[in-house]
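**Student:** Dumping the structure here so I can ask a few things about it.
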């Protein structure tokens, strides 16, 4: 059961670059990729045999004692169509009201399932997303520059994954004020979000040179490259988004040496054979040790 590369590329591109604005001399439009609904597509030998809408989406959001935040999203749906078919693969897609957007997951069945016109096919799929302690914003960052702080620990980067997995994510947060993620509602506006635009080494602001999103055989990554000279030692390197209340920190890592010119921070997550998107990793390079 594989999390799709297309989904991760969609999320990380949005985190890095924000919404896509399309303008001409006569029109202006904003491309919105957040789903209106979730669709399950049944296939057999790579040919679509049926599809159904996911009718139930449940979400939980908790932070454990190790300062890791975990989102659990469970999709449930039923194909009650009056069709007879065999399926060996089920794909989970984000969709508008009329068109597919991006594939979320691909479920290869160990044994093909056969459905008659009198049968119901029940579908359940769970995604668990964990962000480690390098993603939960702490008040200690405020000693370096003005950053957004929260009443409880939260990993802002998870907001964006849920945005592309849960229809009407903003509404879900309003209905669940005890979720740690609900604290982000005042700081992120999905329709106007412009991507990562802040990078610091301790109290030194970094000039962002490039933001790259790419993939390998098993991973998708954001790489933010910057230019700065810093003599601070053991200072955090962090990236985020500027808000009227300070920087909303999305990821950070500590670097033990000084930095003479260039710095880079990488956020990586894995696609492949698991229903769990692996804990994020940060890698920091640049400067001298």
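Keep in mind that glycine also has a Cβ here, set from the backbone N, Cα and C atoms.
Not my notes, these are from Swiss-Prot:
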type	residues	note
TOPO_DOM	1-152	topological domain 'Extracellular'
TRANSMEM	153-173	transmembrane segment
TOPO_DOM	174-234	topological domain 'Cytoplasmic'
TRANSMEM	235-255	transmembrane segment
TOPO_DOM	256-289	topological domain 'Extracellular'
**Student:** Along the topological domain 'Cytoplasmic' (174-234), what average pLDDT does this model show?
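**Tutor:** Mean pLDDT for the topological domain 'Cytoplasmic' (174-234): 92.
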**Student:** Which sequence-distant residues neighbour the transmembrane segment (235-255)? Criterion: at least 6 residues beyond either end, Cβ under 8 Å.
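**Tutor:** Contacts of the transmembrane segment (235-255) (Cβ under 8 Å, skipping residues fewer than 6 from its ends): 15, 134-135, 137, 141-142, 144-148, 156-157, 184, 187-188, 193-204, 206, 224, 263, 265, 267, 280, 282-284, 286-287.
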